[in-house]
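Reproduced below are the annotations present in TrEMBL:
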{"type": "TRANSMEM", "residues": "E:69-90", "note": "transmembrane segment"}
{"type": "TRANSMEM", "residues": "E:97-114", "note": "transmembrane segment"}
{"type": "DOMAIN", "residues": "E:116-402", "note": "domain 'NADH:quinone oxidoreductase/Mrp antiporter transmembrane'"}
{"type": "TRANSMEM", "residues": "E:120-140", "note": "transmembrane segment"}
{"type": "TRANSMEM", "residues": "E:152-175", "note": "transmembrane segment"}
{"type": "TRANSMEM", "residues": "E:195-215", "note": "transmembrane segment"}
{"type": "TRANSMEM", "residues": "E:236-254", "note": "transmembrane segment"}
{"type": "TRANSMEM", "residues": "E:260-279", "note": "transmembrane segment"}
{"type": "TRANSMEM", "residues": "E:288-307", "note": "transmembrane segment"}
{"type": "TRANSMEM", "residues": "E:313-336", "note": "transmembrane segment"}
{"type": "TRANSMEM", "residues": "E:357-378", "note": "transmembrane segment"}
{"type": "TRANSMEM", "residues": "E:390-413", "note": "transmembrane segment"}
{"type": "TRANSMEM", "residues": "E:434-454", "note": "transmembrane segment"}
Amino acid sequence: MLLIALGIGVLAVVVSAILGPKKASRAKLMAYESGNDPEGGVGTGQRFPVHFYLVAMLFIVFDIETAFFYPLAVAYQKLIPFAFFEALTFVLLLLVGYYYILRKGVLEWA
Amino acid sequence: MVPTTYYIALSGILFALGMIGVLTRRTAIMVFLSVELMLNASNIALVAFARSWGDLTGQTAVFIVMTLAAAEVAIGLAIIIAIFRKRETTNVDDLATLKG
Amino acid sequence: MPDWIVQLLITLLKGVGVALGLLTTFAYMTLIERRLLARMQIRLGPNRVGPMGLLQPLADAIKSIFKEDLTVTLADKLVYTLAPIIAIGCALTAFGGLPAGPPGSLFGADPWVYNLDAGLLALLAITSMGVYGIFLGGWASGSKYPILGGLRSSAQMISYELGMGLSVLGLLMLVGSTSFHAITHWQANNGWMILFQLTAFVLFLISSFAETNRTPFDLPEAEQEIVAGYLTEYSAIKWALFQMAEYVNMITASAVMSTLFFGGYRGPEFLEGLIPGIASWPYIWLFIKIAAFLFLFIWVRATLPRLRYDQLMRFGWKLLLPVALANTVLTAGIIAFSTGRLRVWLLILLGVAGVALLIGFSDRVRVLWTAPTVRREDTNLTPARPTGGD
Amino acid sequence: MLQIPDVALAPMLPILIVLAGAVASTVLGFNLPRRALTIINLVMLVLSGVSMITLWNSGATAFGGGLQADNAAILLGLTILVGSIMTLLVSLDTAYRARVSFPEFDAMLMYAITGTLLIAFSGDLIVMLIGLEIMSLSGYVLATLQASRRAEESGLKYFLLGAVGSAILIYGIAFVYGATGSLTYAGIAAKASGLTPANVGILVGGSLLLLAGFAFKVALAPFHQWTPDVYSGAPTSVSLFLSTVVKVAAFAGMLRVFGGALADAPGWSSVLQILTAATLIIGNTAALFQRNFKRMLAYSAVAHTGFLAMCLLGTPQAGGAALGYYLLVYTLMTAAALAVVAALQRDEMGMEIDDLRGLYYRHPAYAVALAVCLASLAGLPPFAGFFGKYLAFQAAFQNGYVWISVLAALTSVAALIYYLRPGMLMFMPDRTPAREYPNGQRTPTNFAVVLGVLGVTVLGILPNIWYGWVQNPEIWKFLAGR
Amino acid sequence: MIHFMIFLPLLGSLLLLITPVRWREEVAGFFAAVTLGLGLAIWRAGGTELFSVNWVPSLGITYSVQLDGVSLTLSLVAAFMTLIAVLYASRRVANPGTMLALVLAMETGLLGIFAARDLILFYVFFEDALLPALLMLAIYGKSHRMRALVKFAAYTLFGSLLMLVSIIGVKSLGGSPTFALVDLIANPVTGPAQTWLYLGFLAAMAVKLPLWPLHAWLPDFHEQNHDSGVPDLMGTLYKVGGYGIFRFGIVLFPDASEELRPILMGLAAFTALYAAWIAFRQTNWKRLLAYAGLSHMGFVALGLFSLNETAVIGSMYLLAFQNVYTGALFLAVGMLQERVGSLDTRVGGVMNQAGALGGLTMALWFASIAVPGLAGFIGEFSILLGAYQVQPWITFVAGLTTIAAAVYALSAFQTTFWQGRPLGGIRVADLHSTEWLVLGLPLAVALFFGVYSAPALNLIQPAVRTVLAALGAN
């Protein structure tokens, strides 16, 4: 399936690359910066706001947490009530971290 | 049913690549990525062995290792960013304040 | 001809079928959307090309193929080209795992391309791969707005993925499996999941709006702020591919929601009383449900204004996430400590309460837990010279 | 097929108490001043120590042996707690001067301690791994927390090399699992003998990888390069923690794994003795050439790693006893020495060795305390360091590693010299103005110093106070759990 | 009582830290005197029985001490010389509190060394005596003391750590339950292992004898030390290598000591002669005395290694009493330096201004170069006598030393005390009250034991007999 899907994508690109006209000009190929001359480019150390890194890290942490939750959820009914307390402890510990980032203002987007 | 040795060979290759990366690359990010590669190599090995022994502890271990990897990513990126924002470089050789 | 080749061919056939189906749906979806929006805004939509503009999508397709395909000078060529392919690839792949009907209902073959025990997990994984497409696209354009747009949209997507992933946990606890078949069967026996997991459904719905960058969460393409976001530097077919990916994701999301919460390919069981076996007619039910959801998507677009970025993030992190966690834990508790009818009522109650909570806070979210407390250590954290004593 | 694991709270209690402290300082950090947190954590540590003592001889286990609170674990745990308490006491004073006076500092410290205790109590490679990682990750943060070039750099180095170490370790775990099909120490020990040749090969490979990974953690040469940079770059209270508690925990892990699980696995001991020899030589000779006192202590820590590793070369019974004694003594003397440094240093670079000249005439008490610590580190009787060294020699000697003992003896001559120089400089009168921080004498730090010095002296004159507990071979016979 | 004698000085030194400055000298003197008194009392009682208790039972380390025979003699001398040192230090050194404390602390170490009957205990005291010596050098030393310190400590530790290893070896290879001497003798190590262990043990003892290749720390140590010879005196007392070999070496490694006898005797003889030769070319009194002491130690070693009864008796005798006069000579040099402000041998003509100082110094010199009628003679003569029966030639070579000794001693003495006074040389005062005692008492002792050696011999002879009996033959 993945192959087919990607195949379609590639096909489309190739076809249009063949069929499409090629009349490039500097102005056309200039990156859009509201008319200013563009500067920088890929990998020329553009700085991202550090906030995005924070979000990424939080995502990693919480996503792993979700990943831990899935097996528990699937096996849940075979393990009650033990699994419930397990999950409770887990979530509580998670909430500690959540409270921390909350108070730290990581989730504030000014 | 692919024999276990193939998986082990694969993980070995991955691990070796990671090791080479650690030893040769000079930017912290690349070293760091190589380490992640090594971690995944051990994940593969764990899963393969778990299958060959037919018990699940290996698989659960993989979960743990994944978590460790994630935690390392979080902290490692934090440190690397902290340094990068201060001195515009993450080249390990440039970090020579502590000599001797 | 050995058996596995047959299997392979059939699978290929099904794959191509699904892909083409999705693409046509996408094409006409655009038309329908435009028409509907026009209708809702009391104007005529595109109606020139062909009868009622039915050929409009065709024209668009041809145009976008024959248009000049620009690659900005500052761009990273390979990634720039790769990004849309990744996007559309993930989008199309995701759909293939969803069963459109009971096994063997497709001329003896199964009406799905691939079937995994971890169906739901796999689907979430693949859809979240789509983030790469968008982010790489933005990054590879090598210009300010696309990067900002890419960053925004990836941040937004991963943030709402958490809500999405967490919201279905209660459902999984009830069903005890992540394969779509099991889920569908469970609903066939116990009634639609939306009864038991109303909150989860609402959360999932909102998250899928955010995931597909639809209004009110379409910040990545907020024209007023960052031109066209990650799409700024794209044109012609690549741009079209991104659009495709977005719409296909919409379709997939609708399909998933109908499968998870609305009984999947099975119709409502009470109809069995009128016409026996109607509930297990293949395809038709799923299509109806998908259509309904797609209409919802368009309707919302016509109705709701766009959120501000901070509101968006705050909503995701401060409302969705806690509510999803709470929903999970409470559901777990209910499952653990109650049985039979009591359990059902408790779950329904929980769902209503959750939705009430969401609605109640959704407006106050912008003042939710704002202004972090500043500690003394933070203020005079680094004295110029280490001075003695504290 | 799904059986519910046996969750016994009692063996977990010491760890849970410490964890509670960590969580408390994470959550309350926004409302309470840092000193309050530190005091709370001190109380927590003491409580956890008490709970450990109540567990003595109980041999309780939890999670199907995944967590075992046997006497070995308790002894090691108490050692860890002593080091941690001294760290907290020192940080109580110096954290502000070191510009790390955040609640996060305490939180990270407590998390790290949790990890170390997990290692000591581990009955399972995975539990050990989790503990090790919690410890290391918190350690990375601690080393970086101070906003200074040196600290960040040390943090990055620590992080990169530590991460490599963990990766190798994990790979080793995978191989050991592959060879024996089990992750619990007991299972491995049971299966380690009587394997097919192929599996024996895998086992040897795995144990060597494990050894390398641990070598990174405890700074055995040639994996020690990060040590001096990190210890001298990090704030002193942090390097105190890293050089005592973290090392103790890592050795606890090694003891568990190599003394218990892989006790009769072939191969690793012969490699370990080479590493030990290299460590002894490199650590001691490198320390000879240091000008900075803190850095010198860092190298001496490497050298002591060599001595500690000698204990592992012995039989688990003798070696475990020796290690149990030496670790406590090492913690006490190193912590006390670094505490003095923390009290006297002007900045986090510590002090040059020459700055110590004439310290005796400016701060007699600190000078004497430091001299005692140095003498003990050098292994001069009547201080406890002597018995530690003696036990290490004996352990290696009795297991047939005579040459290592002789080598250790020779290298510790070099050790004596570099301990002697600062030790003697302190007593040489000089006229130059004082170079240390004028008002560094604070009660908690002094308390830590007194604790260390008294401990070293008393344990030196009456070793039985601690060794009497440690020496019982029964304790170390079942490191892998029954 | 014996425990009092061992630990009383340490107690005193700790007390000194808290006693007011005004009383420090008196307190120190009191403790030193009491210690000596205890020693004499023990002597009257004819030594003590072996006292032994477990110290670290799990390691088989015992606290077993005994003062008899040789040990008692040496302890008495040590206590006596410590008293002298305290007397002089409290008069000479400005604000002597610290030094007195260190001297007393060191005395404990020395007495412990002599009394210990357990190898680990011996090691512990052996190291404990080191710390005060180092501190004395560090606090009161001269400009280049760091080098001397490092040398001194490095040599000592090099030896003693090897000794530690061989101590462990003796126990674990011999399979003895404890480190107590009796147990170790009960189950000895045999075969080549014994030789290796003996070498390890010897390393420490040879440093502390000192014996030729390992003596290099000695001159620097003495030269860099405080001008008043007090630390040097203690350092002289600290040369316990001979005793260690006698007490532990010979009995624990009989075969090895027989096997190595010729080599070791050769080394000893060479040490004696070589030291005398070097001493002859010294122009610094301290270095001169250092080498003189070294050459005496060569004699001691010669006697010991010959394993001949007469010789061993002689060497013990010499070991005991050379402390007296060598130490006293160091103090005399200290006085000289106090007067002329230099340690150089070429300040002439002190004699005609400070006759008493010169006279006493001369007398002590005679004792040191073994003039008959003084203690040194008996020791060296019996050493030569005994050793001659074992290794004539080596002994003959060593015999030359006596002549060399006479040469260097007299020449140095003559250049200092007789030759013409250099112009502008400051006026030199003669001995004061205490100094009479400080130089007189040791001389008296040397004289007494020179003419009437019975009391010492009665102590030494039986001990030596028992020890050599362990060897069986000769």
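Placed from the backbone N, Cα and C atoms, the Cβ positions cover glycine too.
Help me understand the surroundings of these features in the structure.
Panel annotation: around the transmembrane segment (E:69-90), residues 5, 9, 24-25, 28-29, 32-33, 35-36, 39-40, 42-43, 47, 96, 99-100, 103-104, 106-107, 110-111, 114-115, 228-230, 233-234, 236-237, 240, 243, 246-247, 316, 319-321, 323-324, 327-328, 331, 334, 434-435, 437-438, 441-442, 445, 456, 459-460, 462-464 of the same chain, lying at least six beyond its termini, place a Cβ under 8 Å from a Cβ of the stretch.
Long-range Cβ contacts of the transmembrane segment (E:195-215) within its own chain (Cβ-Cβ under 8 Å, at least 6 residues beyond either end) map to 126, 155-156, 158-160, 162-163, 165-167, 169-170, 173, 189, 238-242, 244-245, 248-249, 252-253, 255-257, 259-260, 264, 267-268, 270-271, 274-275, 294, 297-298, 300-301.
Proximity of distant same-chain residues to the transmembrane segment (E:236-254), defined by a Cβ-Cβ separation under 8 Å and at least 6 residues beyond the stretch ends, is recorded for 70-71, 74, 77-78, 81-82, 106, 110, 113-114, 119, 122, 126, 129, 133, 170, 181, 184-185, 188-189, 194-195, 197-198, 201-202, 204-211, 293, 297, 300-301, 304-305, 307, 312, 315-316, 319, 322-323, 326-327, 330, 464, 467-468, 470-472.
Proximity of distant same-chain residues to the transmembrane segment (E:288-307), defined by a Cβ-Cβ separation under 8 Å and at least 6 residues beyond the stretch ends, is recorded for 209-212, 215, 218-219, 221-223, 232, 236, 239, 241-242, 245-246, 250, 257-258, 260-261, 264-265, 267-276, 278-279, 282, 314-316, 318-319, 322, 326, 329-330, 333, 345, 368, 376, 379-380, 382-383, 386-387, 390-391, 394-395, 398, 401, 404-405, 408-409, 412, 468, 471, 474.
Remote same-chain partners of the transmembrane segment (E:390-413), defined as residues 6 or more beyond its termini with a Cβ less than 8 Å from a stretch Cβ, comprise 261-262, 265-266, 268-270, 272-273, 276-277, 279-280, 282, 285, 288, 291-292, 295, 298-299, 302, 306-308, 311, 345, 361-362, 365, 368-370, 380, 384.
Sequence-distant contacts of the transmembrane segment (E:434-454) (same chain, six or more residues past either end, CB-CB distance under 8 Å): 80-81, 84, 87-88, 91, 317, 321, 324-325, 327-328, 331-332, 335, 356-357, 360-361, 363-364, 367, 372-378.
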Residue list, the transmembrane segment (E:357-378) vs rest of chain: Cβ under 8 Å, 6 or more residues beyond ends.
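That would be 292, 296, 314, 317-318, 321-322, 324-326, 328-329, 332, 335-336, 339, 350-351, 402, 405-406, 409-410, 413, 417, 430-431, 435, 439-440, 442-443, 445-447, 449-451, 453.
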In the same chain, who gets a Cβ under 8 Å from the transmembrane segment (E:97-114) while lying at least 6 residues past its ends?
5-10, 12-14, 16-17, 19, 21, 24-25, 28, 31-32, 35, 65, 67, 71-72, 74-75, 78-79, 82, 85-86, 89-90, 121-122, 124-126, 128-133, 135-136, 139-140, 226, 230-231, 234, 237-238, 240, 243-244
